[in-house]
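Student: Sharing a structure, written as structure tokens. Questions coming.
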Amino acid sequence: MSEALLVKVGGSLRGAEALLDELAAYPGPLVLVHGGGPEIGAWLGRLGYESRFVGGLRVTPPEQLEVVEMALYLTGKRLAEGLSRRGRKALALSGRDALCLKGRALPELGRVGEVVEVEVGLLQDLLAKGYTPLLAPIALDAEGPLNVNADTAAGAVAGALGWPAVFLTDVEGVYRDPKDPRTRFPRLTPKEVEALKGEGVIQGGMIPKVEAALSALRAGAPWAAIAKGERGVLEAVLRGEAGTRFTL
């Protein structure tokens, strides 16, 4: 059996057919954490709300939280349907279900938080019954739901499961020269990442992607990788032929 993986997928459903094909065909166990950025932004805009971000995190006032949750749940249900139609039985959940994601608020951002505890029992029960869980990044504190960055939520869940984390993005990995495929870094350590940041090799939009992978390692994942979400990517990552793998 192929290795069990935690896979973080984006929230855009445009062009998702190939990605759904890839996930449905993977022979090993999967837990998926999904975002919902495009859907959230679209719904907020329709209702007259402005999207604001601080440090890459969506500011979520209490009056916007229900909209955020609705958009995430719609995204999860559509992804679950797509996988199920392809023969991989999937269920869309959030951290509210069985209280599986407990969070701590970042009050300067409204109802935004970070995951402090993961209850993996529900996920393990579903996996044992042959289901693939899809988890929306909503956590709970004493006051109610919190909007959590999907990348950091994915890292926390991977660590709690003790599974590798694969972050599927729009980039193929870390390259010394993005125009030269021969310069891909197949493996990196946190120390090497810091050196590449200092050299300006890892910069701009690549920084949060790499930080998400490193946060998964800190949470307890045995390894993490970033790779482009395309057909055949998961097996290629396992073979070391695609993406960049991060290890301690």
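Keep in mind that glycine also has a Cβ here, set from the backbone N, Cα and C atoms.
Sequence annotations record features per position, and here Swiss-Prot assigns substrate binding site to G36, G37, R58, N147 based on sequence analysis. Residues or ranges marked as site 'Transition state stabilizer' in Swiss-Prot (evidence: sequence analysis): K8, K209.
I'd like to know what surrounds each of these features in this structure.
Tutor: Sequence-distant contacts (6 or more apart, same chain, Cβ under 8 Å) of N147 (substrate binding site) comprise R58, T60, L65, V68, E69, R111, V112, G113, P137, I138.
In the structure as shown, the Cβ atom of K8 (site 'Transition state stabilizer') sits within 10 Å of 30 other Cβ atoms.
Around K209 (site 'Transition state stabilizer'), taking its Cβ as the centre, 18 other Cβ atoms fall within 10 Å, counting all chains. Mapped onto three states, the DSSP output places K209 (site 'Transition state stabilizer') in helix.
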Student: I need the neighbours of the substrate site defined by G36, G37, R58, N147. Which other residues of that chain put their C-beta within 8 angstroms of the C-beta centroid, in sequence order?
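Tutor: Other same-chain residues with Cβ inside the cutoff are G11, G35, I40, G41, T60, V68, A71, L72, P137, N149, A150.
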Student: At the Cα level, what's the spacing in Å between G36 (substrate binding site) and K8 (site 'Transition state stabilizer'), rounded?
Tutor: 11
Student: Largest pairwise Cα distance, Å, within the listed substrate binders G36, G37, R58, N147?
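Tutor: So the maximum pairwise Cα distance among the substrate binders is 12 Å.
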Student: Other Cβ atoms within 10 Å is the metric here; tell me which of the binding-site residues G36, G37 scores highest.
Tutor: G36
